[in-house]
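Structure first, then comments.
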Amino acid sequence: MTDQSHQCVIIGIAGASASGKSLIASTLYRELREQVGDEHIGVIPEDSYYKDQSHLSMEERVKTNYDHPNAMDHSLLFQHLQALKRGSAIELPVYSYVEHTRMQETVRVEPKKVIILEGILLLTDARLREEMNFSIFVDTPLDICLMRRIKRDVNERGRSMDSVMAQYQKTVRPMFLQFIEPSKQYADIIVPRGGKNRIAIDILKAKISQFFE
């Protein structure tokens, strides 16, 4: 864990796929932004750092285990976090869930006082944990996560229900048990019931607000 005197404060939010991480991150961002302004807080999704697969065929891309740490370019994410802490802007990769690879364009992200980082595998990497000022694990039952994942992937990512279920059984659940669940031990705060836990969100807001004082 890093010293809180750093210019850029990194807050990590991890948990299972469809556990409510993104909802918590977006709620914190939206409500804190109203207090401090866009220039002081930002969100970076770990999904942006899925490795480039443009050299692979679509058939090969869909076979990738996206719930394994090896699917992530954590080295690039680590470098970007260090750059933000030095006060340098980064070029955030853009990942397409439809094409299963990075796009050519990037999004410029300027340094902020607080960066909220959210993703399933954040706490599995010791380098990333060291860059976080504190970390959160969203602890939601897997059956609820599965229902949310089916709804999200079918409606928002152009997936079929059969493909979502097959991926869940083959990689999502096994990788959660092997990598994500054990990483909960590294979290400073564990949030049950996902993004609808208003009390937890208010506590997190109060904690994060201290960094703006």
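Just so it is clear, glycine is given a Cβ too, placed from its N, Cα and C backbone atoms.
What Swiss-Prot says about this one:
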{"type": "BINDING", "residues": "GLY15, ALA16, SER17, ALA18, SER19, GLY20, LYS21, SER22", "note": "ATP binding site"}
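On the structure: features taken from Swiss-Prot.
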residue : record           : CB count, 10 Å
GLY15   : ATP binding site : 30
ALA16   : ATP binding site : 29
SER17   : ATP binding site : 24
ALA18   : ATP binding site : 24
SER19   : ATP binding site : 28
GLY20   : ATP binding site : 24
LYS21   : ATP binding site : 28
SER22   : ATP binding site : 19
Next item on the list: Determine which residues of the same chain, besides GLY15, ALA16, SER17, ALA18, SER19, GLY20, LYS21, SER22, have their CB within 8 A of the center of the CB atoms at the recorded ATP site, and list them by sequence.
Entry: ILE120, VAL138, THR140, CYS145, ARG148, GLY194
Item checked: DSSP three-state assignment (helix, strand or coil) for GLY15 (ATP binding site) -> strand
Checklist line | For GLY20 (ATP binding site): DSSP state (helix, strand, coil) | finding: coil
